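According to Swiss-Prot, the protein carries these features:
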DISULFID  Cys3-Cys20  disulfide bond
DISULFID  Cys14-Cys41  disulfide bond
DISULFID  Cys26-Cys30  disulfide bond
DISULFID  Cys45-Cys56  disulfide bond
DISULFID  Cys57-Cys62  disulfide bond
Amino acid sequence: IRCFITPDVTSQICADGHVCYTKTWCDNFCASRGKRVDLGCAATCPTVKPGVNIKCCSTDNCNPFPTRNRP
């Protein structure tokens, strides 16, 4: 499977059986910069703390960098 990986947001080959993920959360700059984003791959969908959103998927390049709605 191929997944996008941060910080470069490049598509890389991950190990067989892995899933791609997109993890997003707010930090002190959330209002001005938007949510922080972490893209990667893992053997299983990572568990996250409250306030952190995660989406996992299992097709090539299914975790692109999310677009931010501008006012």
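Any Cβ shown, glycine's included, is placed from N, Cα and C.
Projection of Swiss-Prot feature records onto the structure.
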residue	record	Cβ neighbours (10 Å)
Cys3	disulfide bond	25
Cys14	disulfide bond	18
Cys20	disulfide bond	26
Cys26	disulfide bond	14
Cys30	disulfide bond	11
Cys41	disulfide bond	20
Cys45	disulfide bond	14
Cys56	disulfide bond	17
Cys57	disulfide bond	15
Cys62	disulfide bond	17
**Request:** Measuring CA to CA, name the entry from the disulfide-bonded residues Cys3, Cys26, Cys30, Cys57, Cys62 that ends up nearest Cys41 (disulfide bond).
**Result:** Cys3
**Fill in**
Whole-Å Cα distance, Cys56 (disulfide bond) to Cys20 (disulfide bond), is 6
**Listed disulfide-bonded residues Cys3, Cys20, Cys30, Cys57, Cys62, filtered to Cα within 10 Å of Cys45 (disulfide bond)** = Cys20, Cys57
**Prompt:** Which of the disulfide-bonded residues Cys14, Cys20, Cys26, Cys30 has its Cα nearest to the Cα of Cys62 (disulfide bond)?
**Reply:** Cys20
**Request:** Give the helix, strand or coil assignment DSSP yields for Cys3 (disulfide bond).
**Result:** strand
**Request:** Measuring CA to CA, name the entry from the disulfide-bonded residues Cys14, Cys26, Cys30, Cys57 that ends up nearest Cys20 (disulfide bond).
**Result:** Cys57
**Fill in**
Among Cys3, Cys14, Cys26, Cys30, i.e. the disulfide-bonded residues, the one with its Cα nearest that of Cys57 (disulfide bond) is Cys3
**Prompt:** If H, G and I count as helix, E and B as strand, and all else as coil, what does DSSP give for Cys45 (disulfide bond)?
**Reply:** coil
**Prompt:** If you measure from the Cα of Cys3 (disulfide bond), which of the disulfide-bonded residues Cys14, Cys26, Cys30 is the nearest?
**Reply:** Cys14
**Asked** Cys26 (disulfide bond) to Cys14 (disulfide bond): how many Å between their Cα atoms?
**Response** 27
